[in-house]
Each structure stands twice: as C-alpha cells, then as structure tokens.
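Participant: As listed in Swiss-Prot for this protein:
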DOMAIN    133-330  domain 'ATP-grasp 1'
REGION    405-587  region 'Oligomerization domain'
REGION    588-972  region 'Carbamoyl phosphate synthetic domain'
DOMAIN    716-907  domain 'ATP-grasp 2'
BINDING   GLN866, GLU878  Mg(2+) 3 binding site
BINDING   GLN866, GLU878  Mn(2+) 3 binding site
BINDING   GLU878, ASN880  Mn(2+) 4 binding site
DOMAIN    973-1112  domain 'MGS-like'
Amino acid sequence: MPKRTDLQSIMIIGAGPIVIGQACEFDYSGTQACKALREEGYRVILVNSNPATIMTDPDMADATYIEPITPEVVARIIEKERPDALLPTMGGQTALNTALALASDGTLEKFNCEMIGADATAIDKAEDRLKFRQAMDKIGLESPRSSVAHSLEEALDGLDYVGLPAIIRPSFTMGGTGGGVAYNKEEFIDIVSGGLSASPTQEVLIEESVIGWKEYEMEVVRDRHDNCIIICSIENIDPMGVHTGDSITVAPALTMTDKEYQIMRNASIAVLREIGVETGNGGSNVQFALNPENGRLVVIEMNPRVSRSSALASKATGFPIAKVATKLAIGYTLDEITNDITGATPASFEPTIDYVVTKIPRFAFEKFKNAKPLLTTAMKSVGEVMAIGRSFPESLQKALRGLENGLSGLDPVEALVGANPSVIEAELARPTPDRLLVAAQALREGLPAEKICEITHYDPWFIARLAEIIAAENEVISNGLPLEAAAFRRLKAMGFSDKRLADLALQSAHLRGLGKAQAKGSGIVHDALQAMTGGVTEAEVRTLRHSLNIRPVFKRIDSCAAEFEAKTPYMYSTYEAPFFGEPVCDSLPSNRKKVVILGGGPNRIGQGLEFDYCCCHACFALEAAGYETIMVNCNPETVSTDYDTSDRLYFEPLTGEDVLEILHTEQKNGTLVGVIVQFGGQTPLKLAAEIEKAGIPILGTSPDAIDLAEDRERFSALVSELGLLQPANGIARSRDEAISVADKIGYPILIRPSYVLGGRAMEIIDGPSQLDDYIHTAVKVSGESPVLIDQYLRDATEVDVDAVADGDDVVVAGILQHIEEAGIHSGDSACSIPPYSLPASIIEEIKSQTDKLARALKVQGLMNIQFAVKGDKVYLIEVNPRASRTVPFVAKADGRPVAQVAARVMAGEKLRNLPEISWPEGYTAVKEAVFPWARFPGVDPVLSPEMKSTGEVMGIDIDFPMAFAKAQLAAGNALPRAGTFFISVKDSDKAQIVEPIKALTDLGIKLVATDGTARYLQSKGVPVERVNKVREGRPHIVDLIKDGAISLVVNTTEGWQSLQDSASIRSSVVLAPVPYFTTAAAAIVAAEAIVAIKARELEVRSLQSYHSMKHA
C-alpha cells in the first residue's frame, strides 16, 4: 500500500548521550529515519539531547530540539509542535521508554499523536518480562524457566522455583543494565536490589541459568501485510552468560545446521507476529539460546526496535534496516521499497552474503581503577570493530588488528607462554575480553581442543579454525616466509597482516640462535637472516609480498551474493584466490579527483562519536565542492560507514598496510588529491607519516606541524619564542629524573605520557610517594616516549578554543569556559559557550594567542587549544592542530558547519569565500559529560586528568543557569528543587560558596555538613546541621545517602588523603543515585541553576529558532 497521506508531521525521539549499551548506532538509525521521512515529504520534528550526532544537525529535521529526553520535556514539545505521529523505534531504550510513558500518561491521546512503527501494546509486550514470557507460551515457544518479581521478597520466593545459578534481567532496560548472574544467595540479593532500582517499572525477571549455551540472534523485518524477511543471522562466539554486546559475533551464523536455521527463522517470524499483532513492526531483533548437548532451543528476548545488532546487520549485508523500517512505519510494504544497493531488487528480497563478518567489542577497563575485567550479562564494552573477509580466519584477524589495541592478528598472550596447564585452564575459565586469544594460546601450549571447548563453551568449529591459524604460524616459525606466490597468498588469505608475519619470521630467526636486536639490526647478519626468513620487519615482508605480486582485491557488499550488480561502491578487501584464474578486483576506481578521509575506528573513551561527526561533515563538504569522497573506517555503529555518506566506502582496518593498499588501488584511475587525517582523532594521525612517506599528500596541517604540537620539547621552544606563558614543566625518561623534575617544579604536579588521546594515564600528584607509585604504570603506557611533568595550576579556570585557519586568516569558532577547574580532563568537564564569567580582556587575550599559534604552526584546517586562566594570567596548556571532540557542540551552538568549513579550507579554499563563523548571541549552550560509573561498581567516581566519560549532552537556553539545569537533567543528574543537601568543602572553597548556599536555604532547602564546613557556614549566618564523617562514627553521611535522606551532595577535596577519605561518599551517591559535585565552581553554578528552575518553568525551543535569533 502507498505511504500514508493522513500524516503531515512526524516526531522522532533520539537515544540521547552515548552510554555503554546505547551508542552511536542510534545516530546511524535516527539519521536514516530523518532522511527517509523528509524524502517522502513529511515535516520531521526531532528530539535528542546529544549534540555530537549527525541527526541533530539543523538541516536534518525541520525542527530540532536539543532538549532533555524525559516524558515531561517531550510532552511540552508535542504540545508546541502538535505532530501527527511519533516514531519511537529509532532511539533505543530511551525512546521506547519515553514513548511508553507518554502513552500511559495520556499525552499522545490528548494531542492526537499516533505511535507508528510499534504501538504501545507491542512495546509493552516485548519489554515487560512477564508479558513476553506469556506471549511465548501462547505461540508454543519455550523460554528459560523463570519468575517475575517486583520486590526482593518476591524475588527470593521465585528463587526457590528457578534455583541457582540464576540470571537477573530488569525490565525496560538496555545493555543488561542492573542485571547479572548470581551464583549464591548473597550475590542474588545484591543483583536483584540493583536490578529493581535500574528498572523504570521496578520489575526483574529471575531466569534459570543457560550459561554456556550457544547464543544466536535473528534480525527480522516485517511489514503490515505480514511479509517477513530475515536480514541476517548472527552467532555469538562467546556463550550465554556474556552480554551479546560484549561477545565476539559472526554473521552469518556459521555452526548451525540448515534444519536449526529454519526452525529459528520460523520462530523469529512467529515472535514478531505475536508481539506486533496489529502493526508493522519494521526492524526487530530476536535472541535465542541453544543447548549444544540436546538441541533445546529457548527464546531469550526480543527488541521491538532497531538495535545495536540492527546496525551490525545493516553494515554486514548492505540492507538499510532503519531506512526500510521507517518506510514501513508510514505505510509502505516491503515489495514497494527499492533496495538502494542494487537499484534493481525490492526490499522484500532476503539479503544473501558470500563472505564472513566478525564483530569484536572494544573495552576500557584500563580507565577505571579496581574495575574487574570480567564479562557478565551486564554490558561493559565502549565500542566495537567490524571486519569482512572471505573466510572466518581472514575476517577474525582483520577485526583483531582493527581494534587498535596493539594486536596485529591472533597474537600470543605473553603472560601464558610456557605457563603450567592449570594456570592456562584457570584463565580460560574467566570470561575476559581476551579469552579468544587465551584459547589460541592454550592451543599453542598444547592443551587439547576438547578441553578448551569444555572450559570455555566455545563451539569446536571455532577452535578448529584457531588451530588452522596456529598451524600456519608454526609453518612460518619453522621455515620462514614462503617465497612462492601461491603459498604466500594462502597466508594472507587467512588474514595474516604483514606485521604479524614479520613477528613470526622474527621468531624463526630467533630459533636460528639470534636475539631480536641482532635480527632487526643491519649489516651482513641481518641480510643473511632476511634471505633465510623472507624478512623480519613489516617493511621487508611488504617488499617481499609486492615482489611476488600479491595484493588484495576489493569485493563489493551487494546484499545478493553477486546475483545483481551493486550500484553503490561499498567494499572490503580479500586475498582469497579463486579456484581458476586470477583474483578479480571489483573496486573499479573512478577517473574523478578524489579525497580519502580516514575515520576513527572503534569507539573508545577519548575518541568517539564527535570525531565521526567531523569525518561525515568532511564528506558532505568535499562532495559539495566537487570531489569524490572516499571513506575508510571499520566501525559498524557510525554514520560514516553508511553506504550513502561518502561516494565510496572501504570497510577496512585503519592500519598502515590496509590503508596503503586502498590508496594504491584508488591511484590507478583519476587523481588522488590527498588524504585527510585531521578528523578521525588519534587513529589516522598515527598513519600520517607512513602515508606521506609513500608519496601521498596529507591535506591540511602538515604532519611535521602536528608532531611539533605533540612533542613537548619542540613545542616548549615555540611557546618561549612567541612569548606566551606555560605552566613550569619538564620531561623525564626515568624514575630518578621524574623525582628531580618534580622537586624543581614543586608539588602539585600533573604527570602524563606523551602522544595520548583522552588523557590516558594522566594524574595529579601531590607528593613524592604518590609519584613513586604512579611511575610504574606511566612508563608502561609511554613505551619509548618520555614522561611529561607540568606544574598543576590548582583552582584555575580551563578554557577550550576551537579555531579554523587557512594560512592567511584565523577564525575563532568558539571559546568554551569549563565549569570544573583546570586539571580535570576537558572531555569530562562541563563547559559553556559563550563563556559565562570570563572578562572581555581575557577573551581578547585568548583570541590573540590563538591567532599567533595558528600562524606559527601554519595550521590549515581545524585547531583546538586549551588554556588555563588564573587571576589575570592566561597559561597555554596544549595545542592540537586537528579536530577536537568539542567541534560538534560548537557547530550546534553556533549554527554554522565548522567541520565543513575546515574541510573546504584543507582542500585549498579560503575562509573569506566560505560561510562566516560567529558566536551565539542571546542564548547560552552548556555541554555536560555522561559517565559509566554504574557499570563499574567499586570504581571511585572521581574526575581527574584521565578521561572517563562515554558521551555528552547539551542544554540550551536564553540564560546560563537554566541551560546548565537542562544539561544536568539531560545527563540523568536532575537538580532537586527541594530536600536536604550535604556540603563538605576544602578550606579554600568555603568563602566562595557562602552566598550561593545561603540562597538555597532562603528557598527552604535544608543543609547538613561535616564539622569544619558546618562551623564555618554557621559563623556566616547560614542554617546548617552537623553530620559525622565516615570515620567519626555512625550514623554518618554515607548512612544518610543510602537511606535516601540526601538530595544533593557537594564534596570538594584537597590532597591525596582527603580524596581517599571521601571515596565512600562518591561511591554511595552513584548507587543512590544522587546529584553530586566535586568542585566549588560546579556547586556554585548548580546552586544558581536550582534558583533558576524554582523561579521559572523550563521552556522548549528548537535549535532553528535559537539560530534565527542569532542570525536575524
């Protein structure tokens, strides 16, 4: 049936900030939905609090609301905009829960707004654990034995029926939030208590343990005429018990029999029919567990929306699930929608793939001290990489090197080389992020495959493939690299990188009696070894490979296994040789002038969605300027890896080897103008020198200038030459040197390794003993690089600047004043544009210094500078001549496409000929960071120079305090209007908090404080009650927080011991949860914001209307 004409305007709810379990896959799906609806002529109203998304670009929807995603705020937007329909399936669990609340409280009915895509009944039936189980019983599908509870007492009653171990799954949550596996009663009580708090309906499912069973997912699309197709089957290599988001997965499923597949296919379709009885659900995901012992199949859950797996399935097959689901929601049927990849088939054709896709999650346990790197049913990964190959070994090894965590393939686990079998078995029994590598190492150490399968519950088929890789490794170790082309190609077809082959050849040389230093040295010995092994460095292996005329060919993702020609150039590399003839490359590079943009790879803390945003905008700008845009990336969650973001897409790992092969292919036709490495974060920057060495131009700021800014010694010399202030600093290459430099500078100091992103291993050090403790971890992170030591400017105000330069002119795009003090990582600090309290003279000085630095570094494109302001002095902290994570926020606040302007400048255009960049006028935007503390119980939620946030939100309003309040609400840190606040601040903060705190008591808010703070406030006439510190006896402050008696916490500390003493307070507020502030500056702003929200109602306004105020 044709699209619905009774609808004119449709609202889409986004997913909000990037959090563990809900990441940028929803920007991908939301962007597709916006484009699909506008293509059909509908007015689109978008609500999302995340400024780093493509979907919140002002030209993506007709009305864009960057507002908190709560039922109350969305209800106000509905009242104002009066949409005819609401599409809730593109924004993850956040959108579903919000839509369900709006249906329940009568808002949708009141304003005659219809839910499309999935109605409230379907959502409730899928998300409510009891209703879902009853629905499965009704259609004859088995679920694990289970009991539903709404209280701890009910849960304990249900445990008698279910038994231990038990899996706890809270209702209406995502990413396994609040859930877990309980092996004893104490763990059960603990997990159930957390699960009841995490569930918005205070409901948990207590389920029989199916740990160790095989886990499968089916991605299904259904239309309102009951046409159903399976887009993709996905198999988890990790067994049940590890959240699917944390599992290594493959597509299509590789170990199912055809009979099992057909049973699961039919069951998936039956689930969709039962859950979405009267509506076209669009895309849904159904998860199954299969007992390998007896074939028992149970349904685990269903997501009645596009999901993380939907994004993976879309990228794996080329089938745009979110776009198709959106079209189904407005009335189309599958046979009426054209497959964009082929241009010749309808969407009702089930995709067929003739390759293997592997997804591997990326974790950030190193960011969180005391976090146990164990995987459970609660998701902990922060990103993922996807790789495509013609076989599982090729796909797996490509994915491993695409993770960017130092692996070049199926690398050995050094700690287990030569280990006792009992040690290896104990490590295999622990579900850790690197357990697959441990399994491979177990094979190397001689453990039987059957034993490995018994301990890990990995399917024997996967262990057999690992054994094949290891057999090939052993061949190289024994005999060196093959000098015959067919044998060498077979190695490459198994996914071996040149670097991994060099490492294996080096082991071969080592076996011949030489150490690594001798093998990698130069001269006669090295030349002899190279002749014997084929090469012992990556460059030598590459030379040998090229001499044998072995290069990858590129195949296209076409959704139909080459049955129809693919119209969209979406490609992956393979070394697989055909049975007859030579490998055929389907890349077919064009004869146009072209620019290659390198993406950021898998999301991680410090490098996430913001950089993908910049890469996408580079594509948009350069395409508009007449260039063919070529994107290289390996992240399945992102908009940059959508088939229609760039002209050509290579889904490949971001390593020197893989990128150089792509560039070699593209140079065969047309003109390769250059490569952009500025926009993808640290990942592409690391490749700049290798690309430049290959004779390919780097567009924008030169790699030498980037190195100058990162190299502390060279940079300090430049700063001195320009006459700018910098905190006293020094460089140390040993422990003794670090102690000497610290003594010279004076404590406190800020210490960091060089060449990092996200402040990895940065720390504020207050004394020699803490420095001694730190040095060991810092040196590991630094590798060959020195340790950098800076004077720490305590209580200074940090300022971020984003600027664009073209070699002649410099434009300051935004000056962002941080709310937290200097020393807290800029990515973790709240900030305001325009600055909320900086004097005009300081702003002018910052502009002047920005101009000097841009010219001195010969910046062409984007530049980010961090300053610290103390008194009337401006200190330079660091300069990054590249895109920063604040660029999307600045662009949303300003209304100008900063990244697009920068991309055009990098391609040679001048700023004077491009859209003007100016600051917000008449309103303020505040960015706030979002943290994953709840995912890592036991971790101290303290802010530091090391970045820990996973995402961000934006609050925007005509005045600063209300913008800050909105940002807090959007971040899940809603400021209370009443209640009891706890205050405990260091001596240097006491004077400045008196007035703001007194204003709160005037509004009827009650205060409690520790002894020193209480006595000081009382002396200033502020009514306050004293409460015990934790070490002063009970009841103490943590007891009050746990009892729900505290509504907000302000706790500032000075020195290492004070920080340690207050750790229990910070941990308890995360569990409560209670808003808390650990700096006086943030506490003062929060107090002003509470006064503001008590004085006036929260107003909603579209981004377009704010921008029209500014540009009027």
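Every residue, even glycine, has its Cβ placed from backbone N, Cα and C.
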Participant: Restricting to the same chain and to sequence separations of six or more, state which residues have a Cβ under 8 Å from that of GLN866 (Mg(2+) 3 binding site).
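Facilitator: The answer is GLU798, VAL799, ASP800, VAL801, SER826, LEU876, ILE877, GLU878, VAL879.
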Participant: Please work out the helix, strand and coil residue numbers for the domain 'MGS-like' (973-1112) from the DSSP assignment.
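Facilitator: Each residue of the domain 'MGS-like' (973-1112) counted once, the result is 74 helix, 19 strand, 47 coil.
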Participant: Taking every residue in the domain 'MGS-like' (973-1112), what is their average pLDDT?
Facilitator: 89
Participant: 10 Å Cβ neighbour count around GLU878 (Mg(2+) 3 binding site)?
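Facilitator: Step by step: centre on the Cβ of GLU878 (Mg(2+) 3 binding site), count other Cβ atoms within 10 Å, giving 17.
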Participant: So how many other Cβ atoms are close to ASN880 (Mn(2+) 4 binding site), meaning within 10 Å of its Cβ?
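Facilitator: Neighbour count, Cβ to Cβ under the 10 Å cut-off: 19.
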Participant: Tell me the coarse DSSP state (helix, strand, coil) of GLU878 (Mg(2+) 3 binding site).
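Facilitator: Assignment for GLU878 (Mg(2+) 3 binding site) reads strand.
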